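Down below is the structure, laid out as structure tokens.
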Amino acid sequence: MFALDPVLRHISVAAGAIVFFLSALTKFRSLTAFTAAFGAYRLVPARLMPYAAPVVPVLEAVFALGLLYVPMRPFAALGLECLLGVFAIALLVNLLRGNDAIDCGCGGFVETPSEAASSGIGYWHVGRVAALAVLLWPALQPVTARQVFVLDYATVFFAVLFIVGAYYVVDLLLANAPKLKNLRT
């Protein structure tokens, strides 16, 4: 059976926990805006929206914390993968419907003002969801039993720093997409 190096799992777990926990916090901080974005997808009946929308950040936070607790890690990673699958389907359904002028409701690092929300969703958002799914994949895999050394922890630290930084940059680019479009015209 194929087994990964434990450093890859540590990177996956730490980066996944940080990204999803911060995403959940952003959604909690602006729950009204997230509920409006969630409703714009038109996948849940309007009368259930006030109850269904808060479930998403709760699940993200619980699963992010679950990644850090070893006995719960496989369940948390699988839960996040399922959540990402739902996000990807919701994005694709709305893109195929032509309903692309909605806020993604992603809850990344950058809280976009309402004008930026009009930039809408696109296939970049689906790509970001796919990248997050790939990021979590090592958390579901068995690892070798080798000892982890100090240099390995430094590798984990810098890799997580890079991944979270790259995610922040992508989030910033998506939030500023309308301004970038205006520069081209």
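Any Cβ shown, glycine's included, is placed from N, Cα and C.
As written in TrEMBL, here are the features:
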- 7-28: transmembrane segment (TRANSMEM)
- 8-138: domain 'Methylamine utilisation protein MauE' (DOMAIN)
- 48-70: transmembrane segment (TRANSMEM)
- 77-96: transmembrane segment (TRANSMEM)
- 149-170: transmembrane segment (TRANSMEM)
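DSSP assignment over the domain 'Methylamine utilisation protein MauE' (8-138) gives 101 helix, 0 strand, 30 coil. Summarised as a single figure, the pLDDT of the domain 'Methylamine utilisation protein MauE' (8-138) averages 90.
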